[in-house]
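Student: I grabbed these lines from Swiss-Prot:
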BINDING   G63, M64, G65, K66, S67, G68  ATP binding site
SITE      K66  site 'Catalytically relevant'
BINDING   82-83, H89, H95, 121-130, 155-157  substrate binding site
BINDING   H89  Zn(2+) binding site
SITE      E118  site 'Catalytically relevant'
SITE      E159  site 'Catalytically relevant'
SITE      H200  site 'Catalytically relevant'
DOMAIN    217-273  domain 'CBS 1'
DOMAIN    282-327  domain 'CBS 2'
Amino acid sequence: MSERHLPDDQSSTIDPYLITSVRQTLAEQSAALQNLSKQLDSGQYQRVLNLIMNCKGHVILSGMGKSGHVGRKMSATLASTGTPSFFIHPAEAFHGDLGMITPYDLLILISASGETDEILKLVPSLKNFGNRIIAITNNGNSTLAKNADAVLELHMANETCPNNLAPTTSTTLTMAIGDALAIAMIHQRKFMPNDFARYHPGGSLGRRLLTRVADVMQHDVPAVQLDASFKTVIQRITSGCQGMVMVEDAEGGLAGIITDGDLRRFMEKEDSLTSATAAQMMTREPLTLPEDTMIIEAEEKMQKHRVSTLLVTNKANKVTGLVRIFD
């Protein structure tokens, strides 16, 4: 790749006004959000929330251009928080994809002007199907608004774009409205972390909320007998690489554990170590986790008791493995 494709960001002088422009844009968008919050029509929002809550089908988003991109995000947020939803492109809908829509679906149509041709072309068909329509627009007197069952206005003075052309403030406001509706539904549906995890099984949260310790535990638990010597205990802790060792009774059951910390504390108070046994050093009745414990519960228990490793037991109370907080 030639040097001209790798410009040195220190070689060019940036006009200080550009930084001022960045600050101004952020300030203007923030002010627009504040203005929307103050001017929103609570009656219209109540109607919209009721329509979403009582929808028996899908909440379908549609918009052209940048409004379409925002609509996709809004749909994804609704779907991931318990409200079945998908996005449909208005042009594709007008050429066959209307077949994806059932009479039980609720449509949210996005158009800042309220006069987007591709959006307006959908309205007669939607009304014929019997669908309810929610309009998100900056023009409460637009054709779209007049044909909607509920209208959420942006109350925007102008776009942040210096030419008042590129969708900037309007997309920010629309995105915020989508998030506000989704959050309201989370409250209404009492949508909890466990519910969220069901729709995000591949993410970190989903793993922690849906995975049990039996699924991730290590089965090879370092162990010593009650009469094991101090030297044997150290060797087993070292070779086991877990920072602890399980102490077994005569029947192979759990008698206790010895951690690195237990060893240090024992060494501080005992003068003679050559005759010490595991029974003298161990912590009796250590904390354990049932195999069906969720990972998130295991993490909470470890953090509460300030430990990094816990033994896992089966229904017969036999040790079957161990789990670490960083597994």
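Note: Cβ is positioned from N, Cα and C throughout, glycine not excepted.
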Student: Just checking: which of G82, H95, V123, L126, M156 have a Cα that is within 10 Å of the Cα of G68 (ATP binding site), counting only these binding-site residues?
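Tutor: Candidates kept after distance check: none.
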Student: Can you give the mean pLDDT for the domain 'CBS 1' (217-273), rounded to a whole number?
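Tutor: Result for the domain 'CBS 1' (217-273): average pLDDT 87.
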Student: Which number gives the other C-beta atoms within 10 angstroms of the C-beta of K66 (ATP binding site), all protein chains shown included?
Tutor: 16
Student: For the binding-site residues listed here (G63, G68), tell me which residue's CB has the most neighbouring CB atoms inside 10 Å.
Tutor: G63
Student: Highest CB neighbour count within 10 A among the binding-site residues H89, H95?
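Tutor: Neighbour-count leader: H89.
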Student: Using Cα coordinates, what distance in whole Å links F129 (substrate binding site) and G63 (ATP binding site)?
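Tutor: One finds 19 Å between the Cα atoms of these residues.
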Student: Looking only at the domain 'CBS 2' (282-327), how are its residues distributed among DSSP helix, strand and coil?
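Tutor: DSSP classes over the domain 'CBS 2' (282-327) add up to 11 helix, 17 strand, 18 coil.
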Student: Using E159 (site 'Catalytically relevant') as the reference point, find which of the binding-site residues K66, G82, L126 has the shortest Cα-to-Cα distance to it.
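Tutor: Considering only the listed binding-site residues, the nearest one is K66.
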